[in-house]
Ligand SMILES: Cc1cc2nc3c(=O)[nH]c(=O)nc-3n(C[C@H](O)[C@H](O)[C@H](O)COP(=O)(O)OP(=O)(O)OC[C@H]3O[C@@H](n4cnc5c(N)ncnc54)[C@H](O)[C@@H]3O)c2cc1C
């Protein structure tokens, strides 16, 4: 009788999980396992919102496993300690898992592999979370890409692996183990309201993809920047936790494009998945970037010295700029923020308020359901101007101009800011021009023109060229 363990990580699904299918073929008994590793990320351990998602996602995965005659075991501890103990208790010969590419996760994986080897147990890893392989997705000269378009073009030329497999109909029964069910700690009542907006799990992820393909994909290029509309897929938390894989999405989108002839809508959407690949590519090759700028000149950048109050006003959605406050309210209420608004809120924090981008990245990390170390790092560094962007610092988004362009009727800001409900149309974007005192909404916390000039002045003081060293 061959005994194995399948260690679920950020691949919380049964379909398009080739290694799970392999494990099911090779083992007579298989333990499906999730390890809650409190030490995994230290500073970047899952944030509060992510833990809400994870808890529900594991419950959903367990239901799927039950349907196939098995169940999920959840343990807590370091994988390099938990797994060897289990292997010894069970007499398991193999442990299977899919790779993660965050720096701490890579260390955990290396340590686990070494510990298993000492026991003579085979550890086998596969890939399920990306279309590309970060280890081997560099330029022909071996160095990593720093420019998105070159990266994505090369990846598309090389061809993407789109072999999608269905979920196994049955899985081998689990071994007999003394029950050690642990509940993950939930982040308190704040997260209760997320269930009004989201349903974690593999089936909900597939439904969301289907619905987006039917209703949203054809109009994606024209709608994706307008936060009042449901114009994007909202697949990000599902993708982050691996409830759906990028191969499944690409295959479904390409099939739709072939049938509908709408190649350019499909291309525009797939390009966003390309950004996700690029973010992981950068994080793999520059593992220090969650804390340090990719462009090292920015280590000498003069951020505001005393920014505590500004940061608090931003976090509390009390900046006095409706599009920014609406975005931060959306985040607090739903655990998600529209991409266009992420850009505007991040630009305001780093450029108008001169708060270091790492502060914003930490806030997003704690409050986003899709908090993802690669995507969040890329997003913040791109906006702050210290990441992979060719003309970075000059891009300072004016929140009023952006709001009038991307929320032309003011619907988005009125949805999240009840104080502005009486201001019609575009007027909601500049309440200080109407009678602001009667709206119970704060006045703008800074002058946009002066703070923009201050930011540009500080940028000009940076050494001119060269990104790293
Ligand atoms: C400051 C900032 C922080 C961000 N933090 C995160 C984060 O923690 N987690 C996260 O998943 N995304 C992050 N993003 C990227 C982007 O905002 C979200 O992926 C997107 O809003 C998710 O909504 P969607 O699924 O409807 O996107 P869609 O437009 O439907 O895109 C489909 C998928 O492509 C990927 N994607 C889209 N845009 C980007 C992008 N710019 N970079 C990388 N991947 C992208 C996502 O996985 C997304 O689910 C951040 C962006 C900024 C500007």
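Using the three backbone atoms N, Cα and C, a Cβ is placed for every residue, glycine included.
A TrEMBL annotation is a machine prediction, not a hand-curated record.
Sequence-distant neighbours of residue 269 (FAD binding site) (same chain, 6+ residues apart, CB-CB distance under 8 A): 217, 220, 233, 253. The annotation FAD binding site is assigned in TrEMBL to 220, 232, 233, 234, 235, 236, 269, 370, 371, 372.
The domain 'Photolyase/cryptochrome alpha/beta' (2-131): residue composition by secondary structure is 60 helix, 28 strand, 42 coil, according to DSSP. Marked as domain 'Photolyase/cryptochrome alpha/beta' by TrEMBL: 2-131.
TrEMBL lists 303 (among others) with the feature site 'Electron transfer via tryptophanyl radical'. Sequence-distant neighbours of residue 303 (site 'Electron transfer via tryptophanyl radical') (same chain, 6+ residues apart, CB-CB distance under 8 A): 354, 355, 356. Under the three-state DSSP scheme, residue 303 (site 'Electron transfer via tryptophanyl radical') falls in the coil class.
Just so you know, the Cβ of residue 357 (site 'Electron transfer via tryptophanyl radical') picks up 25 other Cβ atoms within 10 Å once every protein chain is counted. In the three-state DSSP assignment, the secondary structure recorded for residue 357 (site 'Electron transfer via tryptophanyl radical') is helix. Look at TrEMBL and you will find 357 (among others) tagged as site 'Electron transfer via tryptophanyl radical'.
TrEMBL lists 380 (among others) with the feature site 'Electron transfer via tryptophanyl radical'. For residue 380 (site 'Electron transfer via tryptophanyl radical'), the same-chain residues lying six or more positions away in sequence with a CB closer than 8 A to its CB are 346, 350, 357, 358, 360, 361, 364, 387.
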Taking a cut-off of under 6 Å between Cβ and any atom of ligand 1, tell me which of the recorded positions 220, 235, 303, 357, 380 pass.
235, 380
Suppose you look only at the domain 'Photolyase/cryptochrome alpha/beta' (2-131); what would the mean pLDDT be?
94
Whole number in angstrom, please: the longest C-alpha to C-alpha distance across 220, 232, 233, 234, 235, 236, 269, 370, 371, 372 for FAD.
23
Could you tell me which three-state DSSP class residue 380 (site 'Electron transfer via tryptophanyl radical') falls into?
helix
Residue 220 (FAD binding site) in three-state DSSP notation:
helix
Under DSSP, is residue 371 (FAD binding site) helix, strand or coil?
coil
